[in-house]
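K.L.:
Dropping the structure in here first, questions after.
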Amino acid sequence: MPSDRAATPKPSYKRILLKLSGEALMGDGKYGISPKTLSAIAGDVKDCVDLGVEVALTIGGGNIFRGVSGATEGMDRSSADYMGMLATVINAMALQDALEKIGVNTRVQSAIEMHQVAEPYIRRRAIRHLEKGRVVIFAAGTGNPYFTTDTAASLRAMEIHADVLLKATKVDGVYTDDPKKNPAATKFKQLSYIDVLKKNLKVMDSTAISLCMDNDLPIIVFDSTLRGNVRRVVLGEQIGTTVGRLEEK
């Protein structure tokens, strides 16, 4: 009789970094955190953990405060960015709570030290948590102003030796144009890093893309609003758009 272990699908990746936007936590709201959406995201993460995948996350803070927007309104850019970093800590703590409620051991590591609520970011400790099966949520971006949480995600993914960076969005990949505004827009199945930069495609900011390109870290852009999509990507299903170093023919 085959064992349950034998029936478990084999994931394509051992260690992943999942990048979530702050807006992903809002659900249908216009601000803040939707408990229902938070629970759904936690469930998707648990599905990956149950497959034996080591999961790290980086979360934005745009559902609470966006540094660039604050700077546009006349606020000092550094101050605005630090406020945005603090917003990511709130989101990280919320997701940690949602994960631990469903039995997933989780640690939050903040690039800005605040010992009462999170561990400081220590690369070796983060890797050790992952090896022990804990989920690690990286908060406060890089800890420096002028750097996006996309860049922080790329940096952390490389530091922990992630196999892939999963960029969660509200659309099912990268398109030639905004599919919500232009019905004729077509989706890319694959893109090279250079194509993303040359065509100025809104995958991630250019610093984040360049970091991934320089270190051969593949990026998969996919729709995270559909329950189970994170698991599908981890199992190697061809959904979304893959950004990488395409082989020349």
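Glycine too: its Cβ is placed from the backbone N, Cα and C atoms.
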K.L.:
May I ask you to find which of Gly61, Gly103, Gly133 Swiss-Prot records for the UMP site already listed with Asp81, Thr142, Gly143, Asn144, Pro145, Tyr146, Phe147, Thr148, Thr149?
P.N.:
Gly61
K.L.:
Tell me the coarse DSSP state (helix, strand, coil) of Thr142 (UMP binding site).
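P.N.:
Where Thr142 (UMP binding site) sits, the three-state DSSP reduction gives coil.
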K.L.:
I'd like to confirm something. Which of the binding-site residues, Gly61, Thr142, Asn144, Tyr146, has a Cα closest to the Cα of Thr169 (ATP binding site)?
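P.N.:
Smallest Cα separation from Thr169 (ATP binding site) among Gly61, Thr142, Asn144, Tyr146: Gly61.
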K.L.:
When you look at Gly61, Asp81, Thr142, Gly143, Asn144, Pro145, Tyr146, Phe147, Thr148, Thr149, which the record names as binding UMP, what is the longest CA to CA distance in angstrom?
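P.N.:
Answer in Å: the longest Cα-Cα distance is 15.
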K.L.:
Are there binding-site residues among Lys19, Ser21, Asp178 that sit within 10 Å of Gly61 (UMP binding site), Cα to Cα? If so, list them; otherwise say none.
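P.N.:
Those close enough are Ser21.
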K.L.:
Using CB atoms and a 10 A radius, I'd like the single residue among the binding-site residues Gly61, Gly62 with the highest neighbour count.
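P.N.:
Of the binding-site residues Gly61, Gly62, the highest Cβ count within 10 Å belongs to Gly61.
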